[in-house]
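Read the structure below first, then the notes.
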């Protein structure tokens, strides 16, 4: 297992290098000139040229890339073109709000989605199944921005129960986490149901019932562990999606997180921030998949990695 983990960690290097090259090319192909945006609409050509020189954008593309890579290898992600703060400080100040929002969204989405999926599988083709799958399809189909604005209108504007924007207290987390986790809960419900339906028809489940084991114990002890293996995979993918895909929700609720920072950086063509965030999201996905692989062996000891 240790050798497997070390090999996967070493595999991060070429993957992140490829991502760095692609994101560098992508941000420099974006339409618009960051120097013109920073200088302002009233700036003349001389001022814009001076800003480009200060930002290093007047140098050839390969020179800019080499400087970018060498700095990244030293842990230096550069300075924001807009705020003039180090990119690492910009990301650090926004990371925790996004992380806590992701965790709260993931907790309720996994618990609720798995409960719905297990109930739908146990009472297959009956009203719990139909109700649960109707809720799941609705959650997947409803756009996040529309759900967020609807919840905000009902619970913040009409009823006045919850705050609309900000991240100052636990109450601020309720509406964004519900919005962000709705699609994940729906996916988890459908995936858990599908996995449990397959497991419930296995021979060892019928054998356990024939021995007189209660249905609840059969489902929880024998069914849950075996059904969890594909579900854990989906949990890892969804966690990575939440951590890197909260852009729309953060924009709707004016959340001070990485998603909103990325949107603002793209609007202002803030190259260093865009590049650092995409690299961070890529690293998160890779590490989450590695954790999922390690969890396989914990859930089912029969699985071993060489």
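Glycine too: its Cβ is placed from the backbone N, Cα and C atoms.
Taken from Swiss-Prot, the feature topological domain 'Cytoplasmic' covers 1-8, 124-134, 190-228, 300-306. The transmembrane segment annotation in Swiss-Prot covers 9-29, 103-123, 135-155, 169-189, 229-249, 279-299 and rests on sequence analysis. The topological domain 'Periplasmic' annotation in Swiss-Prot covers 30-102, 156-168, 250-278. The annotation domain 'ABC transmembrane type-1' is assigned in Swiss-Prot to 95-292 on the grounds of sequence analysis.
Same-chain residues lying 6+ beyond the ends of the transmembrane segment (169-189) with a Cβ under 8 Å from its Cβ atoms: 100-102, 104-106, 108-110, 112-114, 116-117, 120, 132-133, 135-140, 142, 144, 147-148, 151-152, 155-156, 162-163, 231, 234-235, 238, 241-242, 246, 249-250, 252-253, 255.
Listed as Cβ neighbours of the topological domain 'Periplasmic' (250-278) (distance under 8 Å, sequence separation of 6 or more from its ends, same chain) are residues 19-20, 23-24, 27-28, 30, 32-34, 37-38, 68, 77-82, 87-88, 90-91, 93-95, 97-98, 101, 144-145, 148-149, 152, 164-167, 175-176, 179, 244.
Ranked by number of Cβ pairs under 8 Å to the transmembrane segment (135-155), the listed stretches 9-29, 103-123, 229-249, 279-299 are led by 229-249.
Counting residues 6+ beyond its ends, the transmembrane segment (9-29) has Cβ neighbours under 8 Å at 61, 64-65, 68-69, 72, 269, 271, 274-275, 278-279, 282-283, 286, 290 in the same chain. With helix defined as DSSP H, G or I and strand as E or B, the topological domain 'Cytoplasmic' (190-228) counts 33 helix, 0 strand, 6 coil.
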